[in-house]
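**Student:** Look at TrEMBL and you will find A:6-29, A:65-85, A:97-116, A:148-165, A:196-219, A:231-253, A:265-283 tagged as transmembrane segment.
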Amino acid sequence: MAFTQFVVNGLLIGALFAAVAVGFALIWGVVDIINLAHGEMVMLGGYTSYWVLTLVTGNAEGSPLLFLVTIPVAILVLFGVGYALQRTLVSRVIGTDIFLTLLVTFGISIAIQQLALQAWSANPRSIQVSFADPSFTVAGLVVPKMKLVAFVGAIVLTAALYLFLQKTRTGRAIRAVSQNPEAAALVGIDVEHTRAVTFGVSSAIAGGVGAFIATILNIQPQMGLIYTLKSFVIVVFGGVGSIPGALVGGLLLGSVEELTAGFISSRWTLAVSFTLLIVLLVVKPQGLFGEGAEQ
Amino acid sequence: MSAESESNSGLLRSLVPPDQVDRLFGVCGAHGWKLLAASAVVGALPPLLGLQQGYYMTVISEMFLFAILALSWDIVGGQTGYPSFGNMAFFGIGAYTTAILIKDFAISFPVAMVVAGLVAVAFAAVIGAVVLRLRGHYFAIATLGVLLAAQQISRNLDITGGASGKILLEVPSGTVFYYLFLGVLVVEMGVVYYLSNTRFGFILNAIRDDEEKATAMGFNTTYYKTAAWMLASLFTGVAGGAYSLFNTFIDPQTAYNGAWNVELIAMALLGGSGTVAGPVIGAFGLHTVIEVVETAFVGWQLVLLGIVVIVTVIGFPEGAVGTLREYASEMEYYKRGGMAATDSGEEVSADE
């Protein structure tokens, strides 16, 4: 029974990891950049939601509905942040050495993280969402309602991104730029703008997920790098450019972490994730679902 | 890059003509060993002239420490073209090795430090065999993963003191560390300088420039990459081993400091990656700036670091030495009449 309970917890958390990773994979696939500042978008999204809620209610507590209203705000703000970052900084290193692109995003990550530390201190914060009855039981398994809301929210965000990429004109432009930037430019797509939109959309999703993370875990300025690396684990596992792969990867990573926490100790979850990352990179760098990453 | 330097170099060029810079490079190249010896002597002077302890003593020792780390990073990152985000793992392993040996096994400091270096090398050999098979994004992230995994493991083990780390009370005086860091730095510069003119050094550069061609030439690139990686880990491990005593305190956050890892990459890049003097100059320069900012605006030094990294990468990824070298080599270009039509010709002949 304990095993099933841990897996359920893991799946609930894993959807959030997956939604973060999907954005990370999108930037990787379209802009060809490993965005080491991706985790900072999660952090900023969490803080945006936190501060909006604090502004409205006076403390970071609220009804589920009120909390859900802050999500679009976080999404919009983070879209702006992502768009601006790509337009002003990241676009300048596209096409240069891979290492330089990594370093620029790492620089952005440090700058954002430290500015947040200066502004909001290192204290972990969290959003308290009040339910009349915080959890319910199905077949002996305890399901916290907020985790379920977060799970559904993350799935909705991932699905929305998928539909956006498949069905809309901008989404098609993004996929075109990902396949061949020159040809995309030839048929009249503004490549720079499309890349910035990609960056914005990815950051927006990360921001929305960050708000959910603020309710079920907590947020603090230095949380970002862990989410970036988890995204990397998931993307490597699922394959670059595969949204279903990222979803499966996220759910699996969540389960592995919860099982580690449950059966060994919660102190070992991160060590296990990072070791998993190294093992995966070495054993199966092309991923399980992906188109095969070029070395 | 060169177009940029041409637009603003009118005054600069008359003050410091490119060919003099070029000549400077020539002198440096011809008298490398003498310059290194002279720098070592100059570096050894301050304590003899009365600087025994206090703030400046610590700051200068830290500069030497960062120069060691930046130069070690550059052996693999700059010379071999494998930019690692996990060099601090060697540092942390070295630091913990001495801390544990001295505190729990009562082994003397010099022996513990040598062991620290050897443990770091052994770790590098194992990890290198795994991660050096990866390239590009994958290598960079894998090394970052190594760093964070090492940090998490140290946080959870009992022998490392867990999250609270280890405190070392009986430590040698500041002068000892000053000369220790200086000595290691000078030895490392000597080794890197020597290697840069050997077959080994050339093969490392060949791997950086085109690994497939280097393999096709018949070199066992894995062997050379791993050797460079282990050499870097030796110096980083020894430096880390000394650091835990220098700092009198070690915990997972300081030992495996990801921000430091970026800091030393920034130092190598700022100074000039792939050179001997570049990372050292970068380390001295950036550490001075960070130290000044840290005193003036406590807590903002890492914000500055982030900005410095972004500006360096976007502005001049060749670094100080690389940019100067580019500037110097312009002169050769003019002599062949390259830009004679667009630039004033008299400057070209003025110094000849």
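Cβ atoms are placed via backbone N, Cα and C, with glycine included.
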**Student:** Most CB pairs under 8 Å with the transmembrane segment (A:148-165): which of A:65-85, A:97-116, A:231-253, A:265-283?
**Tutor:** A:231-253
**Student:** When only pairs 6 or more apart in sequence are counted, do the transmembrane segment (A:231-253) and the transmembrane segment (A:65-85) reach 3 or more Cβ pairs under 8 Å?
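**Tutor:** Between the transmembrane segment (A:65-85) and the transmembrane segment (A:231-253), which are separate recorded stretches, there is no contact, as judged by 3 or more close Cβ pairs.
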**Student:** Quick test of the contact rule: Cβ under 8 Å, at least six residues beyond the ends. What residues does that give for the transmembrane segment (A:265-283)?
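**Tutor:** Sequence-distant neighbours of the transmembrane segment (A:265-283): 226, 229-230, 232-233, 236-237, 253, 256-257.
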